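Annotated features, as they stand in TrEMBL:
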DOMAIN    26-478  domain 'Major facilitator superfamily (MFS) profile'
TRANSMEM  82-99  transmembrane segment
TRANSMEM  111-130  transmembrane segment
TRANSMEM  136-158  transmembrane segment
TRANSMEM  170-193  transmembrane segment
TRANSMEM  199-222  transmembrane segment
TRANSMEM  284-308  transmembrane segment
TRANSMEM  320-342  transmembrane segment
TRANSMEM  349-373  transmembrane segment
TRANSMEM  385-406  transmembrane segment
TRANSMEM  427-445  transmembrane segment
TRANSMEM  451-474  transmembrane segment
Amino acid sequence: MPAVGGIGPANGTAYPGNLTPFVTITCIVAAMGGLIFGYDIGISGGVTSMDSFLKKFFPSVYEKENADTSTNQYCKFNSPTLTMFTSSLYLAALLASLVASSVTRLFGRRLSMLIGGILFCIGAIVNGFAEAVWMLIVGRLLLGFGIGFANQSVPLYLSEMAPYKFRGALNIGFQLSITIGILVANVLNYFFAKIKGGWGWRLSLGGAVVPALIITIGSLLLTDTPNSMIERGQFEGAKKKLIKIRGVDNVDEEYEDLVAASEASKKVEHPWRNLLQTKYRPHLTMAILIPFFQQLTGINVIMFYAPVLFKTIGFGSDASLMSAVITGLVNVLATLVSIYGVDKWGRRFLFLEGGIQMLICQIAVAAFIGAKFGVNGEPGELPKWYAVVVVLFICIYVAGFAWSWGPLGWLVPSEIFPLEIRSAAQSINVSVNMIFTFLIAQVFLEMLCHMKFGLFLFFAFWVVVMSIFIFFFLPETKGVPIEEMAIVWKNHWYWEKYIPDDALPHGGNGNLEMGSGVKSV
Ligand code: BGC
């Protein structure tokens, strides 16, 4: 009977291939595309808390903050104008990812990365030299377009390039770069905020050219994936490339599967409309729900507003920035755990373990903050041990996210779509991610003001929902070659009915053997 969880290695196909230095270096370079996204996530919160920046561009916000006599701790930092500055970028990214879908499909994954890098670079320069609010906004839009292109193409590139046994680890290089980008940005803000003359924000915003140049130059050095070359009719080149990437001569079987996937893909004229077909129901569901759930973990409350949050619970300025650096460090280190474990323990284990860990911490943080500030948010001194315990729980929460929903939110969608809908479905994934990143960035301070410590329980509720969803509906994809993924759906207790036999590789003659240790219903 089909499994709740999924299957082991799909149909016995084990393509030969090694983790060659070529593929490793290629994937490291491509993964650096995550740096621009991470840098931006980490930089905006700090910049918008710099007085000189506020005075220059948002004087009314600056005055309000300083004249604020509110006694309600929860509402101290609520200011929609400023959150709009942070979150506008994600709307631009959303639009760009839709355009990027065609570029990625018709011209290859590399070109999308190159366009992403160039747009981000221009955006960073415009922001660094900004003299007026319109320049800031134009800059933010360009950065957003850059991120839309990069996030659409980099995860696909990595999943296609990697030998299937190491796909998880190599793909998570993208998330590792995101976390490194966030950490570097936090550390830079910490130092740039101290620059005399108050122009440190220019360095923070302009500094984004560094990661932008890395991905721009990187994409020029990279080679396109064999999948994408075949998709564009370059058969000879693709085979040679595959031999080089895999480091073995015997790539025939994998090559033929790629060609078959590409032929299926050619029959599709409208990838977008196609997504609505019944046989893509599982894919479409995941393309929407995985990024939605990723954002509903509440992680960006910490990523965008950690300093503000720590100030809210009574930390001083410096201590708040420092605590943000600590959570940033935990984020990077815990991602390494995921790289180590994802192809060993599987995606489902990490999702479920991470979910439980986040849930416990969210409840604990809600209890601690609630016990201290009550429902009315009366201000008060926070005993040191109390603050340390709260930061500790936040760190354990960040670690839980960093080895589950963080990396898997990008990995799983990039590996489950069949070639014919891959670009379009990935754009949906990026767009949904961006729209909820936008909404959370936009409404978090408002929500904190109204829901108070209950906000953490709100996210805790969603973590329960998403963990139940994963348990019942996400099949295990570890160790399954990307163009053979149809088998995991066919073996799944719920999704099997959506998958026609002719969607299976080798015309459905594969051995649908189930892996061990997986529960079935
Ligand atoms: C998410 C971001 C988040 C980051 C934190 C990413 O996977 O998409 O929204 O800020 O992880 O590390």
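Including glycine, each Cβ sits where the backbone N, Cα and C put it.
All annotation found in TrEMBL is predicted automatically rather than curated by experts.
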Other parts of the chain folded back onto the transmembrane segment (111-130), taken as Cβ under 8 Å at six or more residues beyond its ends: 30, 33, 36, 57, 96, 100, 103-104, 136, 138-150, 152-154, 157, 202-203, 205-209, 211-220, 222
The transmembrane segment (451-474) in contact with the transmembrane segment (320-342), cutoff 8 A, at least 3 CB pairs, sep 6+: no
Top Cβ-contact partner of the transmembrane segment (427-445) among 82-99, 170-193, 199-222 (pairs under 8 Å): 82-99
Distant-in-sequence neighbours of the transmembrane segment (320-342), which means Cβ under 8 A and at least six residues beyond its ends: 42, 45-46, 168-169, 172-173, 175-176, 179-180, 182-183, 186-187, 189-190, 193, 302, 306-308, 310-311, 349-350, 391, 394-395, 398-404, 406-408, 411, 478
Other parts of the chain folded back onto the transmembrane segment (385-406), taken as Cβ under 8 Å at six or more residues beyond its ends: 175, 178-179, 293-294, 297, 299, 302, 306, 310, 313-315, 323, 326-327, 330-335, 337-338, 341, 350-351, 353-358, 360-362, 364-365, 368-369, 372, 466
For the transmembrane segment (136-158), sequence-distant contacts whose Cβ falls under 8 Å of one of its Cβ atoms, 6 or more beyond its ends: 27, 30-31, 33-34, 36-37, 40, 57, 85, 88-101, 103-104, 109-110, 112-113, 115-127, 130, 167, 170-171, 173-174, 205, 208, 212, 215, 222, 225, 410-411, 413-414, 422-423, 426-427, 430, 433-434
